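**Student:** I grabbed these lines from TrEMBL:
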type	residues	note
TRANSMEM	31-54	transmembrane segment
TRANSMEM	74-99	transmembrane segment
TRANSMEM	105-122	transmembrane segment
TRANSMEM	134-154	transmembrane segment
TRANSMEM	174-201	transmembrane segment
TRANSMEM	222-243	transmembrane segment
TRANSMEM	280-299	transmembrane segment
TRANSMEM	319-338	transmembrane segment
TRANSMEM	344-364	transmembrane segment
TRANSMEM	376-400	transmembrane segment
TRANSMEM	420-442	transmembrane segment
Amino acid sequence: MGPGFLVSIAYIDPGNFETDLQSGAQYKYELLWIILVASCAALVIQSMAANLGVVTGKHLAEHCRAEYSRVSNFILWIIAEIAIVACDIPEVIGTAFALNMLFNIPVWIGVLLTGLSTLMLLALQQYGVRKLEFLIAFLVFTIAACFWAELGYAKPDAKEVVKGLFVPQLKGSGATGLAISLLGAMVMPHNLFLHSALVLSRKIPRSVRGIKEACRFYMIESAFALMVAFLINVSVISVSGAICNSSNLNEEDQMSCQDLDLNKASFLLRNVLGKWSSKLFGVALLASGQSSTITGTYAGQYVMQGFLDLRLTPWIRNMLTRCLAIVPSLIVAVIGGSTGAGKLIIIASMILSFELPFALVPLLKFTNSKTKMGAHVNSTMISTVTWIVGSLIMVINIYYLMTGFIKLLLHSDIEMVAKVFLGILGFSGMALYLAGIGYLVLRKNKEGAHLLALTAPESQQMANQQVNGSIYSLPREDIVNMQLPQRSSPADLD
């Protein structure tokens, strides 16, 4: 137990809440099926990321460094870092909104305070990774309790919620944009790097049976953690849909529902459901933002170590990432206020969705490679399903990108020369995007022996041996030392 809850935080961060609130306000329960599909896809994909680490003893970023050329590797690293910053922006703004709801602190001051608050939580590392994982799990259940209590206040129609979950609907380009944002907020690129690395902090028997058991238990744990995250997301959409489609809303609340963000949601809940409802939302948002920053810091550390073989102490790494996220968040919060900050969250979620193929395609290629995974390679069914899911995500992204860009050019008031220039730049960028994905998909993996996956004869021989320390892969010291101070012992992780 542990890694699954750290990973699940990315599925219930402030970026998810923002897109959940907007989808519920604008389309009631019609987009709930996106959450169901994304959660099922997330379980399969996260399990594959965990399996890659368990079987090979290397995480995704390290495999990319070994597999691709220096230039390709550098580009993938830059894309991964942009994804982590894009993930950090909603966490910064969400925490600032939560501080505003609970203590009336201005949003721009809350943005500045988020940099310090995360360092306080990272100081808890000295008590051991197990206790930090317990804290994250506690925060997950705090978020769940808050939103399930909100459900009791809002009382959404159960039949309509079930229909929204199992009857796919997508009406209009606005719904398509929100669907992409929901998908981008659910399946995050940095999570694939994080999960494949976290599993390396555990002791796993190096036999086919031991590896299979580890993979199975990681999947069970991930399924439980992601199920809690799924129920939280459904609760947020259901509460938003029930309130904004209520018949007894006044004119001001109806205006708030038309452009609902995290900050407006607090006032809406207070007006419709009462003061305690607003405070519960603030507590959930604060817990979400703070726990998300810890997992974002770890993901950034593993990405940097894997792609560049470069390690930084967690607080330095956190400050670098946090500063890159605070600058745009602060500018938007000062100039555009809470409305501008809310729109920045949607943009960040869409950036994550567009960047997902550059983490997902390498993961699919590596876990489908018998050379790397040995007897634990993906089955044909899993391989087919994951490639279909990945292809759908890429096709939707490309379609939305092209149609949105063409509409922007056609309806803008700029000169024709500028339109032509922007069109050339835009379509060149799309061509590069497609070429990058095509390169990753069509490129053949390098031939080379997998590190720790065992062939069947080897595993049978080891299974007959007496179980002792020699057939265990101890937690990797470099992974452990990124999570714990140097004075801590890896034995704490047994």
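Cβ coordinates are placed from backbone N, Cα and C, and glycine is handled just like the others.
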**Student:** Considering only the recorded stretches 74-99, 222-243, 344-364, state which has the highest number of Cβ pairs under 8 Å to the transmembrane segment (174-201).
**Tutor:** 344-364
**Student:** Six or more residues out from either end of the transmembrane segment (74-99), which same-chain residues have a Cβ under 8 Å from its Cβ atoms?
**Tutor:** 10, 13-15, 17-18, 61, 64, 68, 105, 107-111, 113-114, 117, 185, 188-190, 193, 262-263, 266, 282-283, 285-286, 288-290, 292-293, 296, 299-300, 303-304, 307-308, 321-322, 324-326, 328-329, 333, 338, 341-342, 344-345, 348-349, 351-352, 355, 358-359, 362, 436
**Student:** Do any residues, 6 or more residues outside the transmembrane segment (31-54), come within under 8 Å Cβ-to-Cβ of it, and if so which ones?
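**Tutor:** Residues 3-4, 7, 11, 20, 23, 60, 63, 161, 164-170, 175, 178-179, 182-183, 186-187, 191-193, 195-200, 204, 211, 214-215, 218-219, 222-223, 226-227, 229-230, 233-234, 237-238, 360, 363-364, 366-367, 372-373, 376, 378, 382, 385-386, 389.
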**Student:** Pairs of Cβ atoms less than 8 Å apart decide it: which stretch in 222-243, 280-299, 376-400, 420-442 has the most with the transmembrane segment (344-364)?
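**Tutor:** Answer, by Cβ pair count: 376-400.
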